[in-house]
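Novice: Following this message is one structure expressed as structure tokens.
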Amino acid sequence: MSAGPGAAWGVPGLPGTVVVKVSGKHINPEKPNMVKGYAEVFRSLHREGYRLAVVVGGGPVARAYIAAAREAGVNRALQDVLGIEAARLNARLLAAALHPEAYPEPPRSIWEALEAAATGKIVIAGGFQPGQSTAGVAALLAEALNADLLVLATTVDGVYTADPRRSPEAKLIPRLDYETLRKVLQQSVEPGRYELLDPLALSIVERSKIPVRVVNGSDPDNVARVVRGSDVGSLIATTKQ
Ligand SMILES: Nc1ncnc2c1ncn2[C@@H]1O[C@H](COP(=O)(O)OP(=O)(O)O)[C@@H](O)[C@H]1O
Ligand SMILES: O=c1ccn([C@@H]2O[C@H](COP(=O)(O)OP(=O)(O)O)[C@@H](O)[C@H]2O)c(=O)[nH]1
């Protein structure tokens, strides 16, 4: 059995419990090959003994519904609800590709997620409630499951000194603490525009000192690499570790 994520920081034993949030830009109906690639990664990690919970974002479909709702004068809470359902549908797509190893029903709450995790199957969630993003769902799941690692498979190579899409001079930060993370994120709470970690996700990972890896999710193997202990992307952890 592999050493697991803890080995990367001197925590013996494992494989452990890992929560992975995959951007909805990578798992959605327009990208069947990515759905297949992620299903293969999660299937092999599960067979290696890792306890896995996956959260899938809403991606382009969520943003299409949110934009339409905004144009139609719908309030932000209900815009978020549409994004939640889009994320849940993406989660169902991945669960179908992982059948029968995945729990068939995406949980709507932490309690439902714990019940699903108790079956030993891979739990796959979408959104939970308005005012947060799927990164918030992933952080809450990581805390509730005492996860050893939270992986954010996103659209950039890691955490930068500023938004790399807006600041070409932004530099990748391979290792940072929670305080630095708070400084370099915008912390938007606009439906469809929560970025990387929303305020809820940030506060949860900080209060429970959950190690977070931010990797580029355009290659599903990056997730397998960091779960097995490789140093890819950015690591967010307390400096004391
Ligand atoms: N300091 C930062 N480091 C990296 N990305 C950042 C930072 N600040 C803002 N971002 C933005 O956050 C985006 C990732 O968040 P988001 O679009 O919500 O991704 P996801 O689809 O994984 O949820 C990046 O594409 C980047 O433009
Ligand atoms: O628990 C949740 C999860 C998602 N969302 C909404 O659904 C959208 C899509 O989720 P997210 O932005 O996390 O997806 P991704 O950025 O991965 O496409 C978010 O922007 C929110 O508007 C929400 O309100 N609550």
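Easy rule for this one: first residue shown is 1, then count along the chain.
Glycine too: its Cβ is placed from the backbone N, Cα and C atoms.
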Novice: With GLY58, PHE128, GLN129, PRO130, GLY131, GLN132, SER133, THR134 listed by TrEMBL as UMP-binding, which of these, ASP80, ASP148, is given for the same site?
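Specialist: So the UMP site in TrEMBL includes GLY58, PHE128, GLN129, PRO130, GLY131, GLN132, SER133, THR134 plus, from the candidates ASP80, ASP148, ASP80.
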Novice: Hey, of GLY58, PHE128, PRO130, GLN132, THR134, which of those binding-site residues are within 10 Å of LYS21 (ATP binding site), Cα to Cα?
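Specialist: Taking GLY58, PHE128, PRO130, GLN132, THR134 one by one, the ones whose Cα falls within 10 Å of LYS21 (ATP binding site) are THR134.
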Novice: Note the mean pLDDT of the domain 'Aspartate/glutamate/uridylate kinase' (17-216), expressed as a whole number.
Specialist: 97
Novice: Just checking the binding-site residues SER23, LYS25, ARG63, TYR160: which sit within 10 A of THR134 (UMP binding site), CA to CA?
Specialist: SER23
Novice: Which binding-site residues from the set SER23, LYS25, ARG63, PHE128, PRO130, TYR160 have a C-beta atom lying less than 6 Å away from ligand 1?
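Specialist: Result: SER23, LYS25, TYR160.
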Novice: So which binding-site residues out of LYS21, ARG63, PHE128, PRO130, TYR160 are up against ligand 2, CB under 6 A?
Specialist: PHE128, PRO130
